[in-house]
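Trainee: Quick paste from TrEMBL:
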type	residues	note
DOMAIN	29-257	domain 'Nmd3 N-terminal'
DOMAIN	262-307	domain '60S ribosomal export protein NMD3 SH3'
DOMAIN	324-420	domain '60S ribosomal export protein NMD3 OB-fold'
Amino acid sequence: MDHEYSGVSPLGSAVDGSSQSAPDAVILCCECAVPIQPNPANMCVTCLRNHVDITENIPKQAVLHFCRNCERYLQPPTEWIQASLESRELLALCLKKLKGLKEVKLVDAGFIWTEQHSKRIKVKLTVHGEIVGGTVLQQVFVVEFTVQNQMCTDCHRTEAKDFWRCLVQVRQRAENKKTFYYLEQLILKHKAHEHTLGIKPEHGGLDFYYANENHARRMVDFLLTMVPGKVTTSKRLISHDIHSNNYNYKYSWSVELAPVSKDSAVCLSKKLRHQLGNLSPICLVNRVSSSIHLIDPLTAQIAELTSQVYFRAPFEAVCNPKQLVEYVVMDIEVIMEKDRKTYPGQGQLSFKHALCDIWVVRSSELGINDNPIHTRSHLGHLLKVGDSVMGYNTGEANINDPEFEKLASDLVPDVVLVRKHYDRQARLNQRVWKIKHLAAEATDERSKHDYHEFLDDLEENVDMRGQVNIYRDTNKTLPIEVQGATGDVPQITLEEMLEDMTLECADDEMGEAGNAEDEEPEL
C-alpha cells in the first residue's frame, strides 16, 4: 500500500533563527547525494520513504463483527454497541482495533466513502512518528475494515427459543379493566417497554420478557410508581456449573394491580373511614393514579389512599361500571358552598364538584313510576332536569361484602349516581382519534365495553388524557363540528391530537422494492 509522507522536521528545533542553519547551507543526502537542507537523518524524503515506515506495526486490514438482527457491532470482548455508519462511535470502535497506534501520535482520522453494501469501511489516518536522530515524520495511510456478520448473544438466544432470562407478569383481578388500559397508555407514553424482547397478552394482563435483570427491575419500579400494586418475586434454577460454581437462573416478577377502577363503588371499613376524615361507608373511585382517589357522593369529600395503605387492608369493589343503571333527573337543588360545611366529615372537599339534592326515576320506568327516588350527589355541576345519569341501585343490589353487611340500612343510599350519560352513537360519530396498544385488541364484548368506557373517560377528563398519547385517526372523516362543541357531549380538540408519523422510502439501489412504514412502536 502506498503511503504519503507529509514532511520531515528536526525534533525540538528552535523557532528563532539563531540556532537554525544558514539559509544557503545545504548538504548532500547520504544515500542519493541530492542537495537537501540539513536534518538529523541526513536523508531526503525519498530515501526516508524507502528506508523508514512508522506505520509498519499498524495493521492495514482488520475485521468488524456486525449483528444483522439488532444492527450492533461487537466491541471486544463481549459488548455489543449501536453505531451508525460514519459516526463517532464507529470511528472509536475502529481505532480500538488498531493496536500499533500506541507507538505513534494520532493526528487525524476520518472515513473514506464506500458503497453501503460493500461490507467495507475505510478509515484515513494521519500519524506522527519519531525516527533515528530525533526526526519527526508525518505519514498518511488508509486502513480497510471488513464487516463480517456474527449473531450476538441476545439474538442467538432468541433464535434458540431460550431468549428470555427475566419475566414481568402484570395482572389485574377485576371485573373492569379501565385501570389496566390506563397503565398500558402510560407505558407507551414513557416508552417503558423499549428494552422488552417480547410482549405477550395473557388472561388478566400482559407478560413482558427481558434478557437483562436490570431492565426487568426498572419495568417493575415503573409499574409500582404509576399505579397501586404489589409485587412477588421468584426464581428458577436452569443450570449449574459445579466446576466454576456458576448458577443460571430465570427470574419472574408478578405485579398485581389494585382490583378497582374509576367509577367503581367501594365499601370502606369503619377504621379506614375515620382515618380518611369520616367518609361515608359507600364511596366512589374518582381516579386511579399512583394512589387511589376516593370521593364521597353524599358530601363531595375527597380522600387519597396510597398503595401501602390499601394493601395493608385491601378491599374490592362492591359495584362495577357494568352494573350501572340509567336514570332520568326529575328535579335538582344545588347546595350552596357555604352550606356544604354543615355536613359530616372533616376531610378535604372537592370544589370541582357541586353537591346537590336530586330526584331521579329509572329510565325504564319513566312515565310508569310517579315516585322519584331522592338522593344526594356530587354531580350538581353537570346535571340539570331532563338529563340522563348513570348510577348504582344499591338499595336493591345483591352485594356480597363483609363490610357492607355490617352497615345499618340508613347508611346505605338507595341510589349512588356516578356520571352523566351521553348518547353513545353521537360520541362514536365525533370520535376521530385513536390510541395505540401494546398487544392486540381484545375481541370479546366485555373487554370492548370496558375499552369504550376508558375512551369516554379520556374525553371527559382533561388531566387524564394529558398522560396519554392521542393520535388523529386518518381513516375517519373529520366532521365540521369537531372544532367546536356540539351540544354538551365532551370532545377532544384537534390541538390535543398527535399526527401519526408514516415514512415511505423508495426502492433501494439493489433493486429490492421497499415500502416501509415506520410508526411509533405499537405496544
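Placed from the backbone N, Cα and C atoms, the Cβ positions cover glycine too.
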Trainee: Mind looking up the mean pLDDT for the domain '60S ribosomal export protein NMD3 SH3' (262-307) in the predicted model?
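Mentor: Mean pLDDT, the domain '60S ribosomal export protein NMD3 SH3' (262-307): 92.
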Trainee: Which residue counts does DSSP yield for the domain '60S ribosomal export protein NMD3 OB-fold' (324-420) in the helix, strand and coil classes, in that order?
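Mentor: DSSP classes over the domain '60S ribosomal export protein NMD3 OB-fold' (324-420) add up to 14 helix, 36 strand, 47 coil.
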Trainee: By DSSP, what is the split of the domain '60S ribosomal export protein NMD3 SH3' (262-307) into helix, strand and coil residues?
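Mentor: So the counts come to 7 helix, 19 strand, 20 coil.
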